[in-house]
Amino acid sequence: MQLNSTEISDLIKQRIEQFEVVSEARNEGTIVAVSDGIIRIHGLADVMQGEMIELPGNRFAIALNLERDSVGAVVMGPYASLAEGDKVKTTGRILEVPVGRGLLGRVVNTLGEPIDGKGPIDNDGFSPVEMIAPGVIERKSVDQPVQTGYKAVDSMIPIGRGQRELIIGDRQIGKTALAIDAIINQKDTGIKCVYVAVGQKASTIANVVRKLEEHGALANTIVVVATASEAAALQYLAPYSGCSMGEYFRDRGEDSLIVYDDLSKQAVAYRQISLLLKRPPGREAYPGDVFYLHSRLLERASRVNAEYVEKFTKGEVKGQTGSLTALPIIETQAGDVSAFVPTNVISITDGQIFLETDLFNSGLRPAVNPGISVSRVGGAAQTKIIKKLSGGIRSALAQYRELAAFSQFASDLDDATRAQLEHGERVTELMKQKQYAPMSVADQSVSIFSAEKGYLKSVELNKIGDFEASLLSYMNSEHADLMKTINETGNYNADIEGELKAGLDKFVETQTW
């Protein structure tokens, strides 16, 4: 058989012409629906849960629903210019935010972009917003205090480094004020702070930033903002972004404090997203995983051991533990702590500070209810002198409230009951404290010492505030060395007790209040 070269070349040409290249774009899709910040995409075969999707105009969305023939994604920011038919691409990345010391003193949005007009941020790298919390073996028990500067909190509901302490109460009752004062009190302690504002008015946040700056605490603080006017996706992700920024310090053997203000609004934003994605609603129309929404966030607040820090820093930092302390805020409706989100967060956290409307309206600020407020782990971290002196404060207030209710119906009271009532009234008055005036350990110790040792008995009820102010001024000027020792060591012994007693005896003799 003779082969004809012409025939062979014609046959090859024919085969080449008939050959069809069938390619399938697995990482590019088309928007088929846009509504309320949610887009539905067809054609993204290789997308992963939580992956960032690139949209036209250098914007991004996050894939949350992976269905058989479409993907539900939530847009990070404005979505008005998106239209059906727009092409989108997968990125192979999850959402990351800038972290580092360059963020301290700055106001940023959920994505870590500066919104304070102070120019670009010099960050130390990027960190994913969703991080797995440290494991059991990597953690260390809480045994170092975080001083809030509030007598009522530091004496009765102490907070430790690495703890999660919920601040809960109705609106306009002083929840944010308590958290902001706790941040202000850290300006000289070395604890780095993160304040996350979720779903608040821009004017309110501007006021908070101004107050932090006035009191010299902004240089030590990162403010993460997702205002009420921003997309629900940004409000939902803001706490996770702030947490990653706080974890940067924890993982390098430092201490940090994060305030989530507030997680009720984050839960509402997540409910909005879930309902728009057509996920089945549960109790109060929240999705089934709203508990996990908060638990995976709050579990990241922890105290990690020196081995974890050494491993993370590749041996650069040795022998130092790190901590991230969380103060989540929850807003209740008419004091109802049995609602869905409040009960969830109460069960996740290591205690709660309950602020009560009736106490607030009666003039008690901070309006802490010591009866149902608790710190489950903070007792081990409490400063020695405060722990020793404040043992009777909580019981005195509890007995006072009980007797005060009873005494309304009883006409004649015995001397012991009357003495308990009078002591309780004075302790309640002593627990009052002005906003933006956090107290040092020594100042708190002197105030509590005066109550515990009976120095308030001879003071008129309406003069207790003046008595305390004059006493602290006297002690800081006449017994400066003692106050310095208490602040530096936090110890309490017979010598310190003797000096405190001598100082108070001398002050009471002066009658200068």
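Including glycine, each Cβ sits where the backbone N, Cα and C put it.
These features come from Swiss-Prot:
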BINDING   Gly169, Asp170, Arg171, Gln172, Ile173, Gly174, Lys175, Thr176  ATP binding site
SITE      Ser373  site 'Required for activity'
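Annotated features, which come from Swiss-Prot, shown on the structure.
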residue : record                       : contacts (Cβ under 8 Å, 6+ apart)
Gly169  : ATP binding site             : Lys175, Glu331, Thr332, Gly335, Phe354, Leu355, Glu356, Thr357, Ala367
Asp170  : ATP binding site             : Glu331, Thr332, Gln333, Ala334, Gly335, Leu355, Thr357
Arg171  : ATP binding site             : Glu331
Gln172  : ATP binding site             : none
Ile173  : ATP binding site             : Leu355, Glu356, Thr357, Phe360, Ala367
Gly174  : ATP binding site             : Leu355, Phe360, Arg365, Pro366, Ala367, Gln435
Thr176  : ATP binding site             : Val208, Asp261, Ile329
Ser373  : site 'Required for activity' : Met156, Ile157, Gly351, Gln352, Ile353, Phe354
Assigned element (helix, strand, coil) containing Asp170 (ATP binding site), judged by DSSP: coil
Neighbouring C-beta atoms (10 Å sphere around the C-beta of Lys175 (ATP binding site)): 26
Coarse DSSP state, helix versus strand versus coil, of Lys175 (ATP binding site): helix
ATP site shell beyond Gly169, Asp170, Arg171, Gln172, Ile173, Gly174, Lys175, Thr176, criterion: Cβ within 8 Å of Cβ centroid: Glu331, Leu355, Phe360
